[in-house]
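Here is the structure we will look at.
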Amino acid sequence: MKRRAGLGGSMRSVVGFLSQRGLHGDPLLTQDFQRRRLRGCRNLYKKDLLGHFGCVNAIEFSNNGGQWLVSGGDDRRVLLWHMEQAIHSRVKPIQLKGEHHSNIFCLAFNSGNTKVFSGGNDEQVILHDVESSETLDVFAHEDAVYGLSVSPVNDNIFASSSDDGRVLIWDIRESPHGEPFCLANYPSAFHSVMFNPVEPRLLATANSKEGVGLWDIRKPQSSLLRYGGNLSLQSAMSVRFNSNGTQLLALRRRLPPVLYDIHSRLPVFQFDNQGYFNSCTMKSCCFAGDRDQYILSGSDDFNLYMWRIPADPEAGGIGRVVNGAFMVLKGHRSIVNQVRFNPHTYMICSSGVEKIIKIWSPYKQPGCTGDLDGRIEDDSRCLYTHEEYISLVLNSGSGLSHDYANQSVQEDPRMMAFFDSLVRREIEGWSSDSDSDLSESTILQLHAGVSERSGYTDSESSASLPRSPPPTVDESADNAFHLGPLRVTTTNTVASTPPTPTCEDAASRQQRLSALRRYQDKRLLALSNESDSEENVCEVELDTDLFPRPRSPSPEDESSSSSSSSSSEDEEELNERRASTWQRNAMRRRQKTTREDKPSAPIKPTNTYIGEDNYDYPQIKVDDLSSSPTSSPERSTSTLEIQPSRASPTSDIESVERKIYKAYKWLRYSYISYSNNKDGETSLVTGEADEGRAGTSHKDNPAPSSSKEACLNIAMAQRNQDLPPEGCSKDTFKEETPRTPSNGPGHEHSSHAWAEVPEGTSQDTGNSGSVEHPFETKKLNGKALSSRAEEPPSPPVPKASGSTLNSGSGNCPRTQSDDSEERSLETICANHNNGRLHPRPPHPHNNGQNLGELEVVAYSSPGHSDTDRDNSSLTGTLLHKDCCGSEMACETPNAGTREDPTDTPATDSSRAVHGHSGLKRQRIELEDTDSENSSSEKKLKT
């Protein structure tokens, strides 16, 4: 201190000294001194900055020292404060020339403190130059802008969050007509966004419905993490990173502030205190201290709360709740919404419903009040009653709860009374069936969205809340509601009993009430026109009641309303303008809804999954029953987009060829794998674990099967050689499908599933292995046994004979009696005769390698049958070679088993067959069964 005495004995500014001093020796002495100073305080000195004409909704310190403070509010002006001059010489702030058309909700400095970004209810972001106060650029949005954040490494990049549910990344170097980069797009509003100060590719957001999320700019449209554990779907209004970017502080509606580690969904700590609540207005939070060891948040009880973050991570018990604030700063006269901390000067700035900005400091400033011990208490004030609020609005003559035309920095009792009304409703819990005066209801309807983000209720507005019976004069005098000791000076108070109006006052009041009723009717009419459907009705309710965003009156409106306080005609004209504004906003919302609905149609052609062939053919499975559209919106939307294409007929020739090629690839892959088993390889699939293909282990088949069954198994693997007949039409296909749900054989069920694969392969791939079946299938002596009661055998008509090629049979239950299985297998062998092509048409239910084409034949026009026949003949020729190779696999006993549908009894055949002599005898038996099958085939055709 003494070393700096000669530098300027005239330096009386504590702020200037704190920003310019330099202690020689240990560089940590400065931080340690300030840390000890704050730690020993029970209260802080406070001082007010006057300059705004309405609620102050946004404040931000400049970077690298906090020499400047920028503020904005309902008066639509952006003010720039030089902190040292504003505190010591009461210099007026600098008003930037760029002015918004409505309330200002968010502000941001760039890293060099040369530019200021401001966003608000007028659906635009204005870029200001600090030195010249000129407007550099304007960035238009589609809805109100609630949050801004500038990249810590590039001053040309900034992020904005808006009421339309989008988070946009902007580059100020782009042309004015350039489109921003959309990082997130939700149906609910984003209230806050912030870049990570250390890792600029990460951003944190606060959403009104989805809660707090972490995003990577390299992975748009999908959040990396949603915080909150099982309570992640919460209404969040503010989010802030600490200086290291390792922790997140978030504010949630009607819940205490919460601290997260960026890598964990579960909260580290929650902070609470008796009297703290956050439900009436939108608020912000911030870290405090040189090491971010404190957090700050305003409250609806007019106080500012500071909590200390415990050093022990296990503090707070099971719920990790830190009860008891480190410091409660009392001095505001209404709700505290915004708070910021300057780590260089240890100053705290707070603002809210009042027109003032309050400065808190552990160092005494010129003209400040309060002390560090909390012994000096301010006078408390009572909340305005509802009658007082109504009387103030009616007697003002303008019909508004705020008046910016007077350009007064003094406290506005109407605005204070309006938010007192909100606080009363929240605490007292008004009853919905109470009787109330008509004038009160109309006034509350008129002011459903007054003061917006400053007084903007997250779920309840003055119009949507129920009414309570007005108290009597005695009740209002005796039962004045106190929010604890509200230590503020009692100025601009009004009597609890409004004066008795004269006859002229009653007549003018009646005219105003009639004008208000007409305005209310027009507003309701506009809302009813907007609500064309139930979804739009919900959206209108959210926009008008849950999140009201009324606009501040323009100067023309202000002048007309102030000059015609006694003229009902001018008031009616003003109300008509408001009604037209509501209708315009309704039209814009409808247009935006139609624009959002249009892109959903062209999404169908993006189904590129059919064309790609990755040789990894997963099992077909049902969608995960445990997931719901609400739990995973991304997954549900993709499911809804893909499923319609599965039910629609495929008339595109290229799509048909791709399906045939895919079926051929799958069959070729199956036969190559089967032929490789002759070298003694073990099963490629056990259970349901490998690549989504079902299988069985070698232990599941202890007993060898008969030679006849072995021949049938070989015939099954080599059967896919015939061309699909033209008779296999929709009628033939529909005969099989009714049997698939429960009472048909297991192969029929899998056949139906495979018929749907070509359109939905991609979707089924992502959900493999998530469905559990109520029973298991075991193999005993080469035959399928089911854990449930055995069903009677199916009729002799061979249905779904080729359904064993289902790639997803691992997920489909296989329940079939022994007789029905042998009958279906004999029919298969009789039709295909061990790979030799029949000179006659095959069985009409042939589903072999053409099973993938069955859907095409059933759903496409007859004109495509020639194309299918040509491709099928080529497929049959190639597969005949593979079948010849697969015959040799039967000579090796105890070969690896596969329960892939094409090779279902392959294990039994490999154990039972030991030479070519047995094969010859079995072929003779098969040829004998050809005659039997031909007769049954003729009966079926007739």
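Even glycines carry a Cβ here, placed using N, Cα and C.
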With Swiss-Prot as the source, identify the stretch among 449-478, 839-868 annotated region 'Disordered'.
449-478
Where Swiss-Prot marks phosphoserine, which residue is it, choosing among S160, S243, S651, S909?
S651
With Swiss-Prot as the source, which of 370-389, 490-509 is set down as region 'Disordered'?
490-509
For the set S223, S645, S751, S824, say which residue Swiss-Prot annotates with phosphoserine.
S645
Where else in the chain does the repeat 'WD 3' (140-180) make close Cβ contacts, counting only residues six or more beyond its ends and a cut-off under 8 Å?
105-112, 114-115, 117-125, 127, 186-198, 200, 203, 205-207, 215, 217, 453, 547, 549, 592
Excluding the flanking five residues on each side, which residues at least 6 beyond the ends of the repeat 'WD 5' (277-317) place their CB within less than 8 Å of a CB in that stretch?
31, 34-35, 38, 191-192, 237-238, 240, 242-244, 247, 249-257, 259, 268-271, 325-330, 332-341, 343, 348, 350, 352-353, 360, 419, 422-423, 426, 453-458, 483-484, 486, 488
Let me spell it out: take the repeat 'WD 6' (331-370), skip the flanking residues so only those 6+ beyond its ends count, and list any with a Cβ under 8 Å from a Cβ in it.
12, 14-15, 18-19, 34, 37-38, 41, 43-61, 65-66, 69, 71, 73, 81, 83, 87-88, 243, 280-290, 294, 296-300, 302-304, 376, 378, 381, 409-412, 415-416, 419-420, 423, 451, 453-455, 486-489
Which residue counts does DSSP give the repeat 'WD 3' (140-180) for helix, strand and coil?
0 helix, 19 strand, 22 coil
Sort the residues of the repeat 'WD 5' (277-317) into helix, strand and coil with DSSP and give the three counts.
0 helix, 15 strand, 26 coil
